[in-house]
Amino acid sequence: MAADKRDYYEVLGVHKNASDTEIKKAFRKLAIQYHPDKNPDDKEAEEKFKEITEAYEVLSDPQKRAQYDQFGHAGVGAGGFSGGGFGGFGAGTPFGDIFGDIFGDIFGGRPRGSRGRRGDDLQYNMELSFEEAAFGAEKEIQVPYGKRCGDCGGSGAKPGTEPKVCPTCRGAGQVRFQQGFFSVSKTCNHCNGEGRVVENPCTSCRGSGMIRDTKTLSVKVPAGVETGTRLKLSGEGGQGIKGGGNGDLYVAIAVREHPIFTREDNDVLCEIPVSFVQAALGCEIEVPTLDGKVSMKIPEGTQSGRIFRLRGKGVPQLQGYGRGDQLVIIKVETPSNLNKRQRELLEEFARISGEDVHPMKKSFFDKVMDFIS
């Protein structure tokens, strides 16, 4: 009964003086929220959707709205939908355009027709030396990419011809069919959503509109990159077609291993061997760094594994300021192939130190290792 129906303005959440744009906006928001395809097996949502759709059918039609404003529900009939109810969502009804938008939002796509298509994003794998990664470099690379066919201008059609409007979707890129109460759209299989079909393909690109080519680019690698860093070169990917923008090129960095240095964040690590005599008595040694050799003092009694820090000798901060440090790890070398005199001196040292070097209890080399570690 008409008396049981809610006020149509209340259903859509608008005031009685709302403009057509406000009514359409309110309906679109509610239709997306309560659409049965978005709320499967939800009877309450389905009833809500029917209610807001009924309200919109009346309020979006100037003549019906005027009758409703004057006579209420009785002025538009108690039956709700006119002309057969839910079936009429195609062209020529107030639902034609708006339902196309709604289905596009719900199903994640809209008819593409002849709109431009963006070019592909590309990736180039670049290998750098440790030093290039640390201090930056400028590298020239050869990049294969897709570009518009010069013969057909990217249309895919043989020169002198044009793509034809798809006879299946009539250029919309999508076809619409009835599913129960609702009109559902899907991508046209005949034209793959393009809205046009090529009857006479270009022989150069075989109808794709694109050809393969190679371009030379100069890439400025900033200081401080590491394995896994990706540099983005905007617009240097594949070319777009039909006015679409170019894709981007991503340069993926891989850094080769260094024979001396390793890296932790922005710090550089290296191991420096010293003899057990140098470690015991102290000395001054030369240490390799990314900037060249520097002198470093080893204090007497230095143990194997001790770490010395050379500040500011690490890797520069990527897109920032300052540098990390270099960590020098001391490795005390155990002597081997001792001659008789060297052995005697070490044994004498052990006796003076009160150490037992009897071979049955502990080997000589074990004692030396205990001494220097």
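Even glycines carry a Cβ here, placed using N, Cα and C.
Record features (Swiss-Prot):
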- 7-72: domain 'J' (DOMAIN)
- 136-214: zinc finger (ZN_FING)
- 149-156: repeat 'CXXCXGXG motif' (REPEAT)
- Cys149, Cys152, Cys202, Cys205: Zn(2+) 1 binding site (BINDING)
- 166-173: repeat 'CXXCXGXG motif' (REPEAT)
- Cys166, Cys169, Cys188, Cys191: Zn(2+) 2 binding site (BINDING)
- 188-195: repeat 'CXXCXGXG motif' (REPEAT)
- 202-209: repeat 'CXXCXGXG motif' (REPEAT)
| So how many other Cβ atoms are close to Cys166 (Zn(2+) 2 binding site), meaning within 10 Å of its Cβ? | 21
| Do any residues at least six apart in sequence from Cys152 (Zn(2+) 1 binding site), in the same chain, have a Cβ closer than 8 Å to its Cβ, and if so which, in order? | Lys158, Pro159, Cys202, Ser204, Cys205, Gly209
| task | Count the Cβ atoms, other than its own, that fall within 10 Å of the Cβ of Cys188 (Zn(2+) 2 binding site), considering every protein chain shown. | result | 22
| task | Could you name the residues, excluding Cys166, Cys169, Cys188, Cys191, of the same chain that surround the Zn(2+) 2 site, i.e. Cβ within 8 Å of the Cβ centre of those residues, in sequence order? | result | Pro167, Thr168, Arg170, Gly171, Ala172, Gly173, Gln174, Val175, Asn189, His190, Asn192, Gly193, Glu194, Gly195, Arg196, Val197
| task | Could you tally the C-beta atoms, other than its own, that fall within 10 angstroms of the C-beta of Cys191 (Zn(2+) 2 binding site)? | result | 25
| remark: Between the C-alpha atoms of Cys169 (Zn(2+) 2 binding site) and Cys149 (Zn(2+) 1 binding site), the distance in angstrom, to the nearest integer, is 26
| remark: Averaging the pLDDT values of the domain 'J' (7-72) gives 86
| query | Rounded to the nearest angstrom, how far is the Cα of Cys149 (Zn(2+) 1 binding site) from the Cα of Cys188 (Zn(2+) 2 binding site)? | reply | 25
| request: Tally the residues of the domain 'J' (7-72) by DSSP class, grouping H, G and I as helix, E and B as strand, and everything else as coil. | output: 47 helix, 0 strand, 19 coil
| request: Enumerate the residues of the same chain, Cys149, Cys152, Cys202, Cys205 excluded, that satisfy the criterion Cβ within 8 A of the mean position of the Cβ atoms of the recorded Zn(2+) 1 site; list them in sequence order. | output: Gly150, Asp151, Gly153, Gly154, Ser155, Gly156, Ala157, Pro201, Thr203, Ser204, Arg206, Gly207, Ser208, Gly209, Met210, Ile211
